[in-house]
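Asks: First, the structure itself, so that you have it in front of you.
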Amino acid sequence: MNASDTPRIPGVTDGETAPWFAEPWQAKAFAMTVSLHAAGVFSWTDWAEALSTRLHGATALPDGASSAAHMAQYYAAWLDALEEMTTRTGLTDPALLAETTETWQRAALATPHGTPIRFEAGLTDHG
Amino acid sequence: MPHDHPHDHSELDDMTARVMALETLLTRKGIVESAALDEIIETYETRVGPRNGAAVVARAWTDPEFRDWLERDATAAIGSMGFTGRQGEHMMAVFNTPERHNMVVCTLCSCYPWSVLGMPPVWYKSMPYRARAVREPRAVLAEFGVTLPEETAVRVWDSTAEMRYLVIPMRPDGTEGMSVDALAGLVTRDSMIGTGLALAPEAA
């Protein structure tokens, strides 16, 4: 059996108190999903299916990749699935998501470091 | 985004910006509230965790009636202790014996009994664990430092969105007369997923 057949399991020695989210966006994406499910926007079964499809489409990380790298990959799939579910249910659409993301990025660039970023700061005249 | 600029402004990485965009749009629709999101995060980070499951296991070890209830209807038995799932999932308790060791995976994604174990650890969600747990459970157990006797069969349970499993590890020897709380201290998260065993009293 070669190494790619038996990729080592990451984070085995992290312990029970290891953080559940490596970065705040992961926690927020998780919370939005729980919240949308609670609001009846989608069933957990449909959610699990969307997430599963994304996870299975992900490329295997190299052996020895850090726990943080595994978490980033997992929640990237999670966010893809969440965008897909909110699009499928008519709450968002890809163009609007892209535009709003860009607005936030423009807002950040227009905001001095250390100052809270306001969405309005990223709006352009036609936005 | 260009990276040759001076660092006199803020910058958002793509993932953060995408999440903020989604939150902006969903909040605008009134379908999510930022304060409610913070509360969900707070709940999962501080109030839900494997100590809930440990309390269930310790009670099962000491209260035969509860143990039977857990075996018959784990959803209700666990719910009676105040631990209920938010995803409408059913719970099943699987009991380790000298003849059979139980281990849980979600090959599909990362279905996990949140109400009793909190959020799944990195390894549970990882591709290597999901891919290997069913195929070669003993090799996986070895990576967790667990070696079972040859005669112990390993049963792997594959979770779904509708059905989640809680492994009830075997009560360690030498724990007669210990209080329920002290027993719960021997129950590790991994022992309730089946990638570990309950701790011996001297190791706790």
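Any Cβ shown, glycine's included, is placed from N, Cα and C.
The feature Fe(3+) binding site is assigned by TrEMBL to B:C106, B:C109, B:S110, B:C111. If you look up TrEMBL, you'll see B:14-195 marked as domain 'Nitrile hydratase alpha/Thiocyanate hydrolase gamma'.
Tell me about the setting of these features in this model.
Replies: The local packing around B:C106 (Fe(3+) binding site), expressed as other Cβ atoms within 10 Å of its Cβ over all shown chains, amounts to 24.
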Asks: Roughly where does the domain 'Nitrile hydratase alpha/Thiocyanate hydrolase gamma' (B:14-195) sit in mean pLDDT, to the nearest integer?
Replies: 94
